[in-house]
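Engineer: Mind having a look at this structure? Questions to follow.
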Ligand code: ADP
Ligand code: F6P
């Protein structure tokens, strides 16, 4: 392929810019032309497409968000939207597309592939909920942001002998809560992929108090219930002076960590290698520290992401 395009879609994630930079620079290095599509699939359908040159992706590796902007654009799930998108790509002479985004964005890439247009998915979401990869771009930054919040909240929890419920993003996935919870020494981690018993949560807090423990930190994934609903249910089992802190979109922004920048650079370079060889219909990932390319149809139709539940068990053994 000689001319490719790139878009970022769905929730922005720190490191997306590093991936845009890597795709653009690697493609130019390989003698290819690169076009940037603004606002994800919305911009694709609208033809909001521009050529990217070396300076266009300068000074962005350290920035959060995405310089190509993003959008939630449900119209791309329709045949009309997809055909219009392919028409725009052909109008610009584009032969292959790199899609950086999460699960929904992958479904857009899958639709293009099924209609005969080669697309390569690059996993970019703070949620880490994509199959065929151990890690997604943005996850490492997100968990470090949550960790910073946990450490700060711990100061107040200890000073006032309070229980804190810290609600974190992750849509339907518990990875952010799980990893940040283990790193932050959380007393309990509540995730959608594992059942919990509120009575046991309350007993654990009580046992800690009886031993003279001052703080209690519970990290709650938003996919289970809201922090306020959790606090109301906990209050039925005793008065723990619980406060709720909802971190929300703070977890999605900020400068990417070194790990996310390196991961994004690897994924971006690899996506270009694949398209250069004429290979589309794939999604890239990292499994056991090896870059892999998986069939996007098979991945989305047969594979599911599962969090590392050994971390959940470990937390119960070491945090009380
Ligand atoms: P994420 O990619 O972060 O999971 P979304 O779920 O919002 O975020 O998906 C991003 C975009 O991908 C959507 O706004 C839509 O344009 C496109 N998309 C989502 N689902 C589909 C689908 N089933 N078919 C085609 N495009 C889709
Ligand atoms: O997928 C990323 C994410 O931040 C989820 O963790 C969260 O549930 C969702 O996006 C929020 O979406 P929005 O920014 O559209 O409200």
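Note that the numbers count up from 1, one per residue, in the order the chain is shown.
Quick reminder: no glycine exception, Cβ is built from N, Cα and C everywhere.
TrEMBL does not curate its annotations; it predicts them automatically.
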Engineer: Select one of 162, 259: the residue that TrEMBL places in the substrate site alongside 125, 126, 127, 169, 170, 171, 222, 243, 249, 250, 251, 252.
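Structural biologist: Record source TrEMBL; matching candidate: 162.
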Engineer: Per TrEMBL, what member of 11, 15, 31, 36 joins 72, 73, 102, 103, 104, 105 in binding ATP at one site?
Structural biologist: 11
Engineer: Would you identify which residue of 3, 50, 154 TrEMBL lists as part of the ADP site it also attributes to 21, 22, 23, 24, 25, 185, 186, 187, 211, 213, 214, 215?
Structural biologist: 154
Engineer: How far is it from residue 105 (ATP binding site) to residue 125 (substrate binding site), counting Cα to Cα, in Å?
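Structural biologist: With the alpha carbons as reference points, the distance is 10 Å.
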Engineer: Note the mean pLDDT of the domain 'Phosphofructokinase' (3-275), expressed as a whole number.
Structural biologist: 97
Engineer: Near ligand 1, which of the binding-site residues 102, 103, 171 have CB less than 6 Å from any of its atoms?
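Structural biologist: So the answer is 102, 103.
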Engineer: Output, ordered by sequence, the same-chain residues six or more apart from residue 171 (substrate binding site) with a CB under 8 Å from its CB, or 'none'.
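Structural biologist: Within the chain, residue 171 (substrate binding site) has Cβ neighbours under 8 Å at 127, 129, 222, 223.
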